[in-house]
Structures are given as structure tokens and as C-alpha cells.
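Asker: Okay, here's the structure, questions in a sec.
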Amino acid sequence: MAMRRVIRASCVSSSSAGYLARQFHASSGDSKKIVGVFYKANDYASKNPNFLGCVENALGIRSWLESQGHHYIVTDDKEGPNCELEKHIPDLHVLISTPFHPAYVTAERIKKAKNLQLLLTAGIGSDHIDLQAAAAAGLTVAEVTGSNVVSVAEDELMRILILMRNFVPGYNQVVNGEWNVAGIAYRAYDLEGKTVGTVGAGRIGKLLLQRLKPFGCNLLYHDRLQMGPEMENETGAKYVESLDEMLPKCDVVVVNTPLTEKTRGMFNKEMIGKMKKGVLIVNNARGAIMDRQAVVEAVESGHIGGYSGDVWDPQPAPKDHPWRYMPNQAMTPHISGTTIDAQLRYAAGTKDMLEKYFKGEDFPAQNYIVKDGELAPQYR
């Protein structure tokens with residue numbers, strides 16, 4: 001089967017016998033144990049029939065899976081040695097998780113998961129998985145590429161405007177029964193004519209640039225790969241090879257790069273110091289790309305004029321996370337990629353990959369994060 005763990009000849013040693021035995025056991029029989037980890041919706045689960053990304057509605061695939069004889073367990077309990085997920089680690093075959101309520105798949109959990117073959121992300125972003133450990137174990141890791149890129153790009157545009165127009169304090173005035181126009185207007189600006197740079201110009205970054213073009217901004221992008229001339233013309237964006245060169249030019253910086261060992265903590269005190277005083281930052285990528293304390297200090301000093309995003313490290317964010325209490329922030333829980341439209345797409349994409357998995361067929365190439373022990377290029 002295409003999704004089985006793979007043992008490379010060069011890696012086989014005298015200690016591999018037990019591993020090979022587990023392989024045979026995991027691959028025998030048609031019935032699979034599948035565990036899904038999603039957030040609980042409680043009363044909201046029944047308010048929309050398309051609200052599929054929660055525990056209660058379980059991606060809408062329970063009846064289908066069980067009709068084929070598979071065992072499908074869904075939980076939101078994923079932390080600690082006695083959690084529900086931990087009980088199922090030793091004998092599950094497939095683990096489905098989302099970036100919005102991530103099941104952190106550590107090297108330790110992978111080692112315990114004797115039957116594990118497939119890790120699926122219902123959505124985009126598989127950094128809650130130890131990808132190096134997954135690759136070493138020969139696991140397949142895949143996500144529903146493209147499923148929520150429109151959702152995230154639209155959300156980023158909204159956050160740029162919220163920060164630029166100083167919207168949150170104005171909203172809070174209304175809620176608190178206040179009326180102080182000066183308290184908002186002194187730091188509210190037009191987006192037109194401002195320089196916006198995206199760090200990363202993959203699917204989401206390109207969509208954001210396309211949506212920003214009508215606003216009359218000066219658009220810049222930094223990425224490991226330059227767009228083709230046609231796409232650059234369509235977006236109106238200019239490529240800047242050096243991040244150090246781009247950042248000082250930007251009134252707004254949007255983070256659209258995946259979390260890897262290279263990008264973890266890349267926006268530290270030094271990197272932030274290269275930006276304009278008063279820069280606005282939007283980060284819907286991953287919280288760990290930012291140095292947490294460096295962001296707090298820069299926002300408090302005014303070097304960062306406003307910070308908005310929906311990604312935290314860890315997730316869910318603890319009550320004492322300092323980003324909750326920064327001035328001039330417009331943070332939310334991780335919501336940008338889990339609109340109802342996105343849920344329909346990533347639920348359908350997850351089902352499609354499961355169907356292919358049961359048949360031993362390959363997934364769409366762009367969905368693979370780890371295949372046959374090899375990491376996708378962007379995660380290397």
C-alpha cells in the first residue's frame with residue numbers, strides 16, 4: 001500500500017526486526033482505527049449544518065467511515081499523559097488534526113504509535129507534527145493544500161485595514177459607552193499609497209497581493225522563489241531578494257511563510273529593529289515565527305505600531321499569554337482558515353485522501369508534506 005511506513009535498505013539494522021513486525025501487523029486487515037482531533041463546538045454545532053470542523057460533526061465523515069467497517073474516534077482532549085488522544089496512540093492507524101486545535105505529534109508519540117501510517121491535516125500547516133521524526137519513521141504526512149487560502153488571504157486584508165484605521169479602539173469605545181474621536185483619529189491612516197510587503201508569496205501571499213492591488217499600495221514581496229513575469233504583472237508586486245532590504249521600506253509587513261526550523265523565531269529583536277518605527281504587522285502564518293517577547297517589547301515601545309493575527313505559540317493560547325495584553329493589538333483565536341466555506345473544502349479534501357489511502361493510491365502531489373521519508377522542499 002502506498003501509505004505504509006517505509007524502511008530504506010540503508011536504515012535497516014539489527015534493531016529493525018520489531019519495527020518490521022509492527023509493519024506487517026499494521027498493514028494486515030482492511031479495518032483501520034482513525035482518530036480525529038478537533039475543537040468542541042457545543043451548542044454552536046447545531047446552528048449550521050455545514051459546521052463540519054468540530055468534534056460534534058467530525059468532518060461529516062463518520063457514517064461513511066463506519067459503513068466501511070472503520071473505527072472512528074473523535075476528541076478534543078489532546079494534552080497530557082492521561083488525555084483521550086494518548087489512550088489511542090498505541091494502536092491508531094490514521095490521525096487527523098487541524099491547525100486550529102492542533103494535536104501535537106511529537107517524536108515520543110510517533111515512537112509509541114506502533115500502527116501509525118498516516119497523519120492528515122484537515123486544513124493547511126502541519127508544523128504541529130515533528131516532521132523530521134515522521135520522515136525518519138517512514139510516515140506519510142499530508143494536508144489539504146489550497147483548502148483555506150482564500151479564507152486566510154481575505155482575513156489578512158481585513159486585519160491590515162483594522163490596524164491601519166485603528167478600528168479596535170473605536171469599537172471598544174462604542175461597547176464602553178464612550179465617544180472620543182481624537183483617541184482614534186490620531187493614529188488612523190489610509191491604506192492607499194502605503195508600502196505593504198509580504199514575507200512569503202505562496203498561494204496565500206499571491207492572493208493577498210491580488211486583493212491589495214486595487215487599493216493603490218506599493219506592493220513588495222520576499223520569497224525563496226521569484227514569481228513569473230505574468231504573475232508579477234497581475235499582482236503589481238515587486239520582488240525583493242533580500243529580506244533585510246525589504247523590511248525597512250514597509251509600512252505593513254504580512255507574514256506568509258511556513259514554520260520551519262529556519263523560520264522559527266526569525267522575527268526577533270534584531271529583525272524587528274530593521275523595520276520602520278510604527279510598522280504594522282499581520283501574522284496569520286504561525287505564532288512561533290515571531291519571538292514572543294520581542295514582539296511584546298516592540299509593541300509596548302511603539303516600534304511596532306500595531307500587531308494582528310490569529311496564530312499563537314502554543315495553541316490554544318494560555319490565559320497569561322502576553323500577546324493578549326499588548327497595546328494596539330487585534331488578535332483573535334485561530335479562526336482565519338476555518339470559515340464554513342473552508343471547512344467544506346478541507347472536509348472534502350480529507351475524505352478524498354482517506355479514500356485514496358484505503359485503495360493504496362497516491363494523493364495529489366501538492367498535498368504531501370512527507371512522502372516515503374522525504375520532506376517537501378519548503379520544510380527542509
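Note that Cβ sites are derived from N, Cα and C of the backbone, with glycine treated the same way.
Note that the coordinates shown come from a computational prediction; the quantities given were computed from them, not determined experimentally.
Checked TrEMBL, it gives:
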- 67-362: domain 'D-isomer specific 2-hydroxyacid dehydrogenase catalytic' (DOMAIN)
- Ile124, Asn148: substrate binding site (BINDING)
- 158-336: domain 'D-isomer specific 2-hydroxyacid dehydrogenase NAD-binding' (DOMAIN)
- Arg203, Ile204, Asp223, Pro258, Leu259, Thr260, Glu261, Lys262, Asn284, Asp310, His334, Ile335, Ser336, Gly337: NAD(+) binding site (BINDING)
- Arg286: site 'Important for catalytic activity' (SITE)
- His334: site 'Important for catalytic activity' (SITE)
Asker: Measuring Cα to Cα across Arg203, Ile204, Asp223, Pro258, Leu259, Thr260, Glu261, Lys262, Asn284, Asp310, His334, Ile335, Ser336, Gly337, which the record gives as the NAD(+) binders, how far apart are the two most distant ones in Å?
Answerer: 25
Asker: Could you check which of the recorded positions Ile124, Asn148, Arg286 is the closest Cα neighbour of His334 (NAD(+) binding site)?
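Answerer: Its closest listed neighbour, by Cα, is Arg286.
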Asker: Given the recorded positions Ile124, Asn148, Arg286, tell me which ones have a C-alpha lying within 10 Å of the C-alpha of Ser336 (NAD(+) binding site).
Answerer: Asn148
Asker: From the Cα of Asn148 (substrate binding site) across to the Cα of Arg203 (NAD(+) binding site), what is the distance in angstrom?
Answerer: 10
Asker: Let me make sure I understand the structure: which of the binding-site residues listed (Asp223, Glu261) has the fewest other Cβ atoms within 10 A of its Cβ?
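Answerer: Comparing Cβ neighbours within 10 Å for the binding-site residues Asp223, Glu261, Glu261 has the fewest.
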Asker: Please identify which of Ile124, Leu259 has the densest Cβ environment, defined as other Cβ atoms within 10 Å, among these binding-site residues.
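Answerer: Max Cβ neighbours within 10 Å, all protein chains included: Ile124.
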Asker: In whole Å, note down how far the CA of Leu259 (NAD(+) binding site) lies from the CA of Arg286 (site 'Important for catalytic activity').
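Answerer: Between the Cα atoms of Arg286 (site 'Important for catalytic activity') and Leu259 (NAD(+) binding site), the distance comes to 6 Å.
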Asker: On a C-alpha basis, identify the one among Asp223, Leu259, Glu261, Asn284 that is nearest to Asn148 (substrate binding site); the candidates are the binding-site residues.
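Answerer: Of all the candidates listed, Asn284 is nearest in space.
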Asker: What is the nearest of the binding-site residues Asp223, Glu261, Asn284 to Ile124 (substrate binding site), using the Cα of each?
Answerer: Asn284
Asker: Under a criterion of Cβ-Cβ distance under 8 Å and sequence separation of at least 6, what residues of the same chain contact Asn284 (NAD(+) binding site)?
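Answerer: For Asn284 (NAD(+) binding site), the qualifying residues are Val152, Asp155, Glu156, Arg159, Ile204, Val255, Asn256, Gly309, Asp310, Val311, Ser336, Gly337.
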Asker: Radius 10 Å, atoms counted are CB only; among the binding-site residues Asn148, Ser336, which position scores highest?
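Answerer: The residue with the most neighbouring Cβ atoms within 10 Å is Asn148.
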Asker: Can you tell which of the recorded positions (Arg203, Arg286, His334) has the fewest other C-beta atoms within 10 angstroms of its C-beta?
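Answerer: Per-residue Cβ counts within 10 Å for the recorded positions Arg203, Arg286, His334 bottom out at Arg203.
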